[in-house]
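**Q** Take this structure first; my questions come after.
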Amino acid sequence: MAWLSFYLLNVLWAVAGTSTRAQRSCSVPPDQQPWVNGLQLLMENSVTESDLPNPSILIAMNLASTYNLEAQKLLTYQLMASDSADLTNGQLALTIMALTSSCRDPGSKVSILQKNMESWTPSNLGAESSSFYGPALAILALCQKNSEATLPIAVRFAKTLMMESSPFSVDTGAVATLALTCMYNRIPVGSQENYRDLFGQALKVIVDNISLRIKADGIIGDIYSTGLAMQALSVTPEQPTKEWDCEKTMYTILKEIKQGKFQNPMSIAQILPSLKGKTYLDVPQVTCGPDHEVPPTLTDYPTPVPTSISNITVIYTINNQLRGVDLLFNVTIEVSVKSGSVLLAVLEEAQRRNHMFKFETTMTSWGLIVSSINNIAENVKHKTYWEFLSGKTPLGEGVAYYIPFNYEHITANFTQY
């Protein structure tokens with residue numbers, strides 16, 4: 001390629017990467033900004049040397065302009081030292097974007113991810129939508145580094161999405177939208193025009209699917225998937241059939257924040273960019289310098305009003321009816337804990353009172369997950385896991401963050417995905 005063509009190509013890529021954002025975003029009212037500042041501080045102060053480094057948190061910190069420089073440095077160094085062989089494609093993609101947002105060279109991580117994705121194929125048509133989440137993140141990260149080399153992978157991904165009949169989860173659809181929007185904006189000069197048509201068609205299908213999950217109060221899917229969905233709907237070049245009211249969504253999210261719904265650092269990491277008017281497409285444009293905002297003090301932002309101290313009763317059931325598992329059971333216990341206690345306290349009290357409720361946990365980027373109850377453990381090969389429900393509704397938070405109410409019936413159900 002001639003030097004002039006190469007230069008023009010890169011200029012057009014840069015321009016495309018920063019333009020085409022539709023005016024479908026909204027901002028936090030100034031008088032509500034202290035609540036957002038408080039969330040950001042809570043997320044940043046959760047970073048410790050002993051925890052697994054979470055690239056999603058570093059991305060959110062950098063997009064929002066970090067307050068805690070020490071936490072930023074710690075996460076950056078931890079992610080730079082991470083072994084690519086230990087990471088899934090999705091984790092590797094997030095690590096690349098996190099390091100890029102910290103103005104660090106991801107090094108060989110990019111070529112490793114590129115090689116992994118060149119051999120990517122869906123496990124089978126009709127596979128669960130979650131199997132597209134990691135590849136979508138990978139295409140997003142690779143697109144931001146070299147869209148020309150990513151084009152064949154993205155084309156194969158888009159065609160596969162068009163063949164997929166089952167609806168996507170909001171999270172998967174949102175990340176796929178961000179990935180294909182990046183490719184749509186950065187189609188290399190001289191490429192066939194039908195590539196843009198393909199990405200546009202795939203985006204239309206996905207954003208229409210997301211728009212069908214918009215509830216009357218503006219929440220998209222659930223409150224924890226709304227952050228990624230807001231990013232997707234604010235940048236997609238394809239308008240969804242169902243109109244999205246960004247201000248209504250923002251109003252409801254702020255109301256949920258005031259009620260203390262966002263306490264998990266990972267949940268904050270996914271909503272914070274939208275609260276700051278940013279998306280993952282902004283990662284390459286993050287500037288790094290010595291000037292940073294002065295962090296607000298703890299007295300500068302409000303906190304949710306604590307509940308009164310009293311005991312509540314929680315009805316807790318553990319259930320395993322899966323065929324092929326040796327031990328079948330359905331056992332219920334009533335547990336008394338202090339009002340405002342998290343679900344983990346209920347599990348601990350049930351375990352103390354009855355050995356059948358013995359459980360084990362595993363630490364993930366979303367916090368603790370229950371991996372085993374009554375000696376029945378999750379199994380990736382068999383696609384089994386413990387799902388927690390309130391009545392018949394799956395919980396949107398983990399056991400270390402969900403706060404049950406008086407006489408709520410919580411069920412831990414061993415099931416398959």
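From the backbone N, Cα and C atoms, a Cβ is placed for every residue, glycine too.
Grabbed the feature section from Swiss-Prot, which reads as follows:
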- 1-18: signal peptide (SIGNAL)
- Cys26-Cys246: disulfide bond (DISULFID)
- Cys103-Cys288: disulfide bond (DISULFID)
- Cys143-Cys182: disulfide bond (DISULFID)
- Asp171, Asp222, Gln270, 365-370, 386-395: cob(II)alamin binding site (BINDING)
- Ser191: phosphoserine (MOD_RES)
- Asn209: N-linked glycosylation site (CARBOHYD)
- Asn311: N-linked glycosylation site (CARBOHYD)
- Asn330: N-linked glycosylation site (CARBOHYD)
- Asn413: N-linked glycosylation site (CARBOHYD)
**Q** How big is the Cα-to-Cα gap, in Å, between Cys26 (disulfide bond) and Leu389 (cob(II)alamin binding site)?
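**A** Approximately 33 Å lies between the Cα of Cys26 (disulfide bond) and that of Leu389 (cob(II)alamin binding site).
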**Q** According to DSSP, which of helix, strand or coil covers Cys26 (disulfide bond)?
**A** coil
**Q** For Cys288 (disulfide bond), which residues of its chain lie six or more apart in sequence with Cβ-Cβ distance below 8 Å?
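**A** Set apart from Cys288 (disulfide bond) by at least 6 residues yet with Cβ under 8 Å, we have Asn62, Ser102, Cys103.
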**Q** Might you list, by sequence position, any residue in that chain lying six or more from Asp171 (cob(II)alamin binding site) with a Cβ less than 8 Å away from its Cβ?
**A** Tyr133, Gly221, Ser225, Leu228
**Q** Near Asn413 (N-linked glycosylation site), which of the recorded positions Asn209, Asn311, Asn330, Trp386, Leu389 can be found within 10 Å, Cα to Cα?
**A** Asn330, Trp386, Leu389
**Q** With Leu395 (cob(II)alamin binding site) as the reference Cα, tell me which of the recorded positions Cys182, Ser191, Asn330 is the closest one.
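**A** Closest by Cα distance to Leu395 (cob(II)alamin binding site) among the recorded positions Cys182, Ser191, Asn330: Asn330.
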**Q** Given the recorded positions Asn209, Asn311, Leu368, state which is nearest to Cys182 (disulfide bond) when distance is taken between Cα atoms.
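**A** Minimum Cα distance from Cys182 (disulfide bond) across Asn209, Asn311, Leu368 lands on Asn209.
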**Q** In the structure shown, which of the recorded positions Cys103, Leu368, Leu389, Leu395 has the fewest other Cβ atoms within 10 Å?
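**A** Candidates: the recorded positions Cys103, Leu368, Leu389, Leu395. Fewest Cβ atoms within 10 Å: Cys103.
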**Q** In whole Å, how far does the CA atom of Asn330 (N-linked glycosylation site) lie from that of Trp386 (cob(II)alamin binding site)?
**A** 14
**Q** If one measures from the C-alpha of Lys392 (cob(II)alamin binding site) to the C-alpha of Asn209 (N-linked glycosylation site), what distance in angstrom results, rounded to a whole number?
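**A** So the alpha carbons of Lys392 (cob(II)alamin binding site) and Asn209 (N-linked glycosylation site) sit roughly 24 Å from each other.
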**Q** Cα distance, Leu389 (cob(II)alamin binding site) to Asn209 (N-linked glycosylation site), nearest Å?
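**A** About 25 Å separates the two Cα atoms.
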**Q** Pick from Cys143, Cys246: which of these disulfide-bonded residues has the biggest number of other Cβ atoms within 10 Å of its Cβ?
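**A** Counting every other Cβ within 10 Å of each candidate, the maximum falls on Cys143.
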**Q** Which whole-number value in Å describes the distance between the Cα atoms of Leu368 (cob(II)alamin binding site) and Cys143 (disulfide bond)?
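**A** That separation, Cα to Cα, works out to 32 Å.
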**Q** For the residue listed as 'phosphoserine', what residues in its own chain, 6 or more apart in sequence, show a Cβ-Cβ distance under 8 Å?
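**A** Within the chain, the residue listed as 'phosphoserine' has Cβ neighbours under 8 Å at Leu151.
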**Q** What whole-number Å value do you get for the CA-CA distance of Leu389 (cob(II)alamin binding site) and Asn311 (N-linked glycosylation site)?
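**A** Cα-Cα, rounded: 21 Å.
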